[in-house]
Structures are given as structure tokens and as C-alpha cells.
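Over in TrEMBL, the protein carries these features:
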type: COMPBIAS; residues: 938-947; note: compositional bias 'Polar residues'
type: DOMAIN; residues: 157-196; note: domain 'EGF-like'
type: DOMAIN; residues: 388-425; note: domain 'EGF-like'
type: DOMAIN; residues: 692-725; note: domain 'EGF-like'
type: REGION; residues: 726-754; note: region 'Disordered'
type: REGION; residues: 917-968; note: region 'Disordered'
type: REPEAT; residues: 23-66; note: repeat 'LDL-receptor class B'
type: REPEAT; residues: 67-109; note: repeat 'LDL-receptor class B'
type: REPEAT; residues: 212-254; note: repeat 'LDL-receptor class B'
type: REPEAT; residues: 255-298; note: repeat 'LDL-receptor class B'
type: REPEAT; residues: 299-340; note: repeat 'LDL-receptor class B'
type: REPEAT; residues: 473-515; note: repeat 'LDL-receptor class B'
type: REPEAT; residues: 516-558; note: repeat 'LDL-receptor class B'
type: REPEAT; residues: 559-602; note: repeat 'LDL-receptor class B'
type: REPEAT; residues: 603-644; note: repeat 'LDL-receptor class B'
type: TRANSMEM; residues: 788-811; note: transmembrane segment
Amino acid sequence: MRTVLIWENLDRPRDIVVDPIGGFMYWTDWGANPKIERAGMDAWNRTVIISSNLTWPNGLAIDYSTERLYWADASVKTIEYGNFDGSGRQVLIGSQLPHPFGLTLHEDRIYWTDWQSKSIQSADKLTGLDRKTLAENLENLMDIHMFHNHRTKVQTGCLVNNGGCSHLCLLAPAPKSWSCACPTGINLQADGKTCAHGLMTTDGLAVDSVGRKIYWTDTGTNRIEVANLNGSMRKVLVWQNLDSPRAIALYHEMGYMYWTDWGEHAKLERSSMDGSDRVVLINNNLGWPNGLAVDKAGSQLLWADAHTERIEASDLNGSNRRTLVSPVQHPYGLTVLGSHMYWTDWQSRSIHRADKNTGENAIIIRSSLPGLMDIQAVDRTASAGLNKCGRRNGGCSHLCLPRLNGTSCACPTGVLLKADGRSCEDLPETYLLFSNRVSVRRISLDTHDHTDVFVPVAELQNVISLDYDSVERKLYYTDVSLDVIRRVNLDGSDMETVISSGLKTTDGLAVDWVARNMYWTDTGRNTIEVAHLDGTSRKVLVNNSLDEPRAIAVFPSKGFLFWTDWGHIAKIERAFLDGTDRKVLINTDLGWPNGLTLDYDTRRIFWVDAHLDRIESSDLNGKLRQILISPVSHPFALTQQERWIYWTDWQTKSIQRVDKHTGRSKETVLANVEGLMDIIVVSPQRQSGTNHCAANNGGCTHLCLARSNSFICACPDEADSRPCSTIAGHVPASPEKDTTGTQTPRKQATEKPHQGLSLVNCTEMNLSLEDCFQNSVISAPRDESPHISYVIGGALSILAILILIAAFIIYRHKKFKFADPGVSNLTYSNPSYRTSTQEVKIETAQKPAINSQLRYKKEVQGVVDGGYTKEKIRIVEGVCLLSGEDLYWEDLRQLKACRGSGLHNCMRTETVSLQASSASLNDGETEQLLQEGDHQSECSSISTTAHHNTHPDTGWRHQRKTSTESQV
């Protein structure tokens, strides 16, 4: 976030010091008119405070205690001081100073470096006496600074929320105290706090004064764009086959724009001013085509080439090419006025003129101009011309752009033109949202240019995680510098801080758009929490066995919550949305599982692993695991839309995508983006489905948390003013009493949640109030003596725990004594914004005896009712047969209507993609399945009893059911 503060009337600026207390900065200038100047630290109110009796003012130093400014002059060989406004000037040391350069102060001493004596010396800062030499014979001495811990701490407006600035907060003298600023090339918006974004290297600029538009080339993004003169309605016109576009020129009357490209294959191109009808005019014998000008009177193009060192001309179609001036040293800008052409030259630092038709009579107009860039001529006597879009904006709702035989209507970047060809949609229908710490940007997927547009969200310091609520159309995000969770409209309005306390490092965020809740991971507190979308009813769901929880995702219609943990033992876990039924889905072959997303259509989990450099997927139970693409550089976050998986990559600084089925068709969506973090997709199809909490919050007073086929009502950790009940539809008489009549203590936010909560379980078959039942855990009274069986049970439990601990210690000792090739111990950390130096342990699963896969190879030949292909139904049937999971049987029941009696036919081996290590079949049964794929017969009875003793532990348990063919 570098910005230029002062660039005018500077000759030879040398030293600079700042006074954060007063908000001023001071600098010396030893140019032709030596002086010492002062301005606010935001460059406001610049003033020359000393300009007499100065020659080579070098070092500067501030004495905050006496409010004095000290400086050294190497020509008059003095060290002087004065007040902050330049008054009270006194000579401190005026003799025996051969060539003072650097200067600093500490307590009652002043220190300086001397070029000629090659020494560091000091003296009393008030009298100049008691001079001492601290070091001698030091070559190439330059500056000197004193660092200590006693500097005054200054409370400034920039310390609180960065002063409300989106980018730079700069101190200033009273009464301003501070002001906001933007990086160079980016403008501050009207609110005085937010920066307008999106420019990288804007080389060329052209103004359509008739149509009131501005056109520019951007070498950093390789785009040509247009906008209104006030910067509104910005649109990308050309984005393909551009290498390094530089100069641009317009011919409004003809509806043409011309530009040069000095990339690997230099060329000169033309298109209509709406970007259509693009054609290459010249692409040979070009090097660095810099300046470009249209001679309307002479109907010719002129350009300057700094590599071939000549200025050339052609007609408006690129024909009749000829050289006007050669050689020229290093021409850059070029313009035409009357019968002459003018150009700037970097090497000679001068402005030249010559005849525009012959190149003769070349003269130098002005010389000794360092830093010369572009040049433009203005003819005030020339008529403005006819505005083709002048009448009612050409009938367009947004942009009206000239072309050869008329005009065309256009929309801002990413927005589609409606069928009428004149009006625009309000917003893209489908788009990506991504964060890069200090900004949130949008990429429309409705258009093909994939241009990023900044979302005007203010006060961003370190944005990590994003999610979107399609119901209220609000963006939710976490800021780990401010330790807050906020929500805002996409136009930047109605910003709210929904969670402002009790956060340390909120890595992941997920919105349950059905139950109107949000979930987040806090790797600083090692918790997973839930709250209403407005931040109320906050509750800790998981606070044990978490090491470094990061990404989080919800599946509201299934009642599932998924998250990644890249701690000591990396894993991916799943639980119900109330935190119960927690299971480890995957804990082998994981390094740094950063991003996590769900494909709600195919019901699969996708995640990125930044250590193993790959993207993987599995089903919702952690089975059918597949590597989608490997290697990838350093993926952080990912999302899914239709056939694509999109992800952010730290190392390549890009957003990329790949086909979610094959891992092929890899494309770079956006490049050259620093600090990429989270990425999500916003689509009408993305947030669909429902659950029992959709209607009237499930009848719950506070939190309604969905499960697979039911829901529970839960209370927040900190009681609020409303009575809370865990029974749907029931409101207790007093907020201090529960349904059993016992006193309920108020929980504090820092306390751990009860493990035995009173929760209501309402199944989908019994949703009425009378059918909802409460599972209460009632503690015994304090004065009741414990039963003897409890004592015996407790003693046995303690003994068992001690035995397990001893076994674990012996196992660890052996493991570290003998190198285990299946374990990789990494001592470097996941290079994230919150670095952890702890050891990462990657468990490698043992391969089963038969390391075969049943592969899905058959082409899709038809679609049955309900949108399911025959092959997909066979896949579901096969998964049901192999896993015995209730969730798959539920899916199979949903397909039964469209399949009919065909469910009797078992799956074919060539139509299923399963891993033999699914812990469902033994070796003999797997061989039997593989053999059956060689003929057309129906499958025989297959036992699906789990064989846990021959397969690695996956970290979760399920009661397997024996499934026979007749049951299927």
C-alpha cells in the first residue's frame, strides 16, 4: 500500500523525521535552494521553516522532550537546532566538524556520524560540550539511529479500527488528527475513507470528450477498459490476446479505437469503441511501440517505437507504412497538433517537434525535463464533433458506445444485457466472491471475461473467511486483525458487527441459510461455535479434541456440519448441526487440509491439501476418496459451481479452476492477486433445500439446530432476557427455571457447554407438539451418597486409563526409536496468516490386500425421470450394497419411484467408482465382485458385514447391517 505524498518542488530531498505526537514530518532538501520543510504526515499544510544559511543540510533529529529540531550542515560544518516552526535557531556545535551526515538523539546526548573523520561522536544536546568519540576508522558511514524502549506511546485515531480507512491511515496535525489515503494510482472515494480499486499498471489513456467516456489500457491485467468520466459504469472491452497493451487513441467520429501492444509479439490493433470488430493492423518490424496518435486531418496513424528508434506512419487501415524520423533515442509519448507532431524522449529528457507528414524540420522544444512520460496537444479552436450517444444516451440504460455505423449499448463489467439490447440486469446472477486480506472482490460467471470487481466494503484489515446469505443478500466475513465477524450488503451499505468479543482467530465461517444460523471455527480458542445470523444466541458446539480447526461447511438439508483440522493429526470431521454424532471421516494421508466445500448435487466433499499439494474428494461419509488434481502449488480455499471446482493459490497468486469430474481442463481465472484467502460462489441454485428449522425456527425459542431426520432446540451459553426452552413450541414461565423445575444457572460465554444437554428430538414423522419428547439428564441431589457400583466403576475406569497411557508411551517410544517409513514428521509450518510451528504428522493408510478400484467408465447414455441417469442409480445401489449406511438407503428410496422394479438389478463393476479399502468387503468378496463384472449375470447375495480387523481405522463407527439381495 505504497503512496506518493509529495512530488512537486523537490530538488534533492535527503533526511526525513516524523513527529507522531504533533502529526508532522520534517525533511531536508540540499538542492539549488537548500531548505528544511515541514508538513503533516498526510502531506497537509506543507511549509518551509528554514531556508537561509543552509548549504548541505544532511541529518535531522527530533527531541520530543524539548520540542526541538536538530540538523547537521556538512558545508558550513555545524550542528544547529530550532523550534518545530523554525524559530529560535541556535548553533549547537560550530567547530571541528569535518563532514557530519547522520544525526540522532537519546536522553541528554546527541550522536552523529562523520564521513571525513570516519567516526561516531556524541555531545551534550543542550550545550554541545562534553564531546566524545564512540568509534573510529569506520568506512562508508551513513545514517545513525537510536532504538530504545522509552519512547512515548501516542494514542492516535489510526489505532482504532485503522481510523475507519479501507487502506492507509495517516496522522495529521490538529484539528484533523488523521486522514485516509489510497495506494498510488487509486482514488479516494467521496466518503473520505474508502479507496476505489482495480488498476494495476495503467499505461495508456484516452478521453472521448464528445461521448463523455474514458478509455485506458492496463498492462498489469492485460485489459482495455472504458467508464464514464466520473469512473462509474466501468466495463472491460478487450481482455483476450493482449500481452502488454500500452498507448491508446480514439477516433470518435469513425467509432474506432487504436492501441499498441509491445509484448512478445508486438502489434498495432484497431476495434470499434465497444470492443467489437477487432483487427490487427501491423504486426511486423515492431519492437516497443510506445506513443500513438491519430491524425484525423491527414487520415493517418503515427506511432513511436523505442526499440527500432524511429517514428512511423500509415493510413487508418495500417497500409502505406513509412518512416518519418530515424533515429530517435527513446521516444515515449506522441501527439499531433496542426501540421506538426510532438514527442517526448526519455534519454534526451526533452520534447521534440517535426513535420507530421515528412518528419523534417525536427527541433527540440524543451530540454532538461527528467521523468518525461506522455504528451497530449489540445486545439481549443477545433469543434467537438457530433455525439452519437448524445440523445437520451442512445436509448441505453447504462453505457452507450460508438461504433462504425452507429452505437451499441453495454453494461458494467460482469452484468448481462437484457433481451431488449438496451437495458442491463442489476447484478450478475452467478459470481465468485473472494478475499485478499484488505478487500473483497467479485468475479461474474455470467460473462466470459472473468474480470474482478471490488465490493465496496470499508474497514477491512485482514479478511480471511467469507460466506453469503442468499435470503437477505448479505455478505458475512471474519477479520482476524479486528477479531470480529461482520455482515454487509454487497453495495457496502448496512455494515453490522455481529460478533465482536470472544474471538481469537476465526479461520472458517459457514451460513446455514435455512435455520438462519452461522457457524465458525476459532483456531485460537480451538472451538466451533454457532449463533443466529445477527450474533445472538451464541453457543459453543465443539471444544474438545480440536487442534487447528480451519475450514467449515454446512449441509442444512442433511443436518450435517463438516470441518477440517490441520493440527498435529490432520483430519476432516463431521457432526450434526447441533454438534452431536461427531465422526472423524478422514485422518490418513492428510497434511494441511485448508479449504473445504460441498457439492450439494453429487453429495461429495472437496478439500485442498496445501502440504500434499492436491485437491481431493470423498462422499459424505469419507469413503470413495479420490484425488482430483495433483500437484497444485499452495491451495488455500475452494468452492464449487456446476462442473467446476475453483480455488485460491498463494504461491501462484491466482484463482484457478478444474473440472470436478475429471480433474482436467485446468484454467487460470484470475492472476497476479496478492494475499488471496477465501473464495465462495453465489448462485440461485447453490443455497437450496430445507429442513425442520425452516418454518418458524422449528418452534424453538432460541437456536434450532437440524439433525439428519430431526432437530433440537438449544439455549445459548449466556442467557439473555428471553426465557429459553429446549422443547419446541414451549416457552417457560421464568427464564431462570427449566422444565423440571430445578434452578438453571446462567452459563458464561467462557464456560464449556454441558455434555448432557436437555434436547428435544422431533422426528420427521412426529412433528406435532404432543409427539416431541424431551431427553433430560437430571443430576442427583448433592446430599445423596453415590452408589457402590459407581465407585467400583470409577476405579476400574481409572485403571483402564492408566494402562492405555502406559501402552501409548511404549508405542511412542518405539515409533521414534525406529524410523517409520509411513510417517512423515515436518518441522516447518503451514505458511498461513497465523503460523504454527508445531509438528505435522501425516498418517499413511496401509494398502489392502487387493488394491483395486471399481471404476466408473461407462458413458452416460440416457436420463431417467427426476434427472438421474441409469448409471447414477446403479452407483447409489452399489454404494448401498457395500456400505449399509442409512443415508444411502434414504437416497435409494428417493430414486425408487423413477427406477421401479429395476432396483432388482445389481450394479455393474464398470459403472461404479469405489475403493476396495472401504472396510465393507473382505478380499474374497471383492474378488467375487470384480469377477462378476466380466459377464451380464445379476449379482448373487453379498454379505456386507464389516471386517474392521483387516482395515485401517477411519476414526468413525457405524452399526453395520447385513444386506442381502432380497432386501435390496
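Just so you know, glycine gets a Cβ as well, placed from its N, Cα and C.
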Original post:
Mind checking how the repeat 'LDL-receptor class B' (516-558) divides into helix, strand and coil residues in DSSP?
Top reply: 0 helix, 23 strand, 20 coil
Subject >> Residues of the parent chain within Cβ reach of the domain 'EGF-like' (157-196), under 8 Å, 6 or more residues beyond its termini >> reply: 1-4, 20, 22-24, 40-42, 44-45, 202, 231, 438-439, 454, 456-461, 482, 492
**OP:** Let me know the model's mean pLDDT on the domain 'EGF-like' (388-425).
**Re:** 91
Subject >> Spatial neighbours of the repeat 'LDL-receptor class B' (299-340) far in sequence, C-beta under 8 Å, 6+ residues away >> reply: 247, 249, 251, 254, 256, 258, 260, 268, 270, 281-282, 285-293, 346-348, 352-359, 362, 372-377, 379
Original post:
Are there residues at least 6 beyond the ends of the repeat 'LDL-receptor class B' (516-558) whose Cβ is under 8 Å from a Cβ of it, and what are they?
Top reply: 465, 467, 469, 471-472, 476, 478, 485, 487, 496-500, 502-510, 564-569, 575, 577-579, 582, 593-598, 600, 605, 607, 620, 637, 689-691, 693, 697, 702-706, 708, 714-718, 720, 749, 752-753, 834, 836, 887
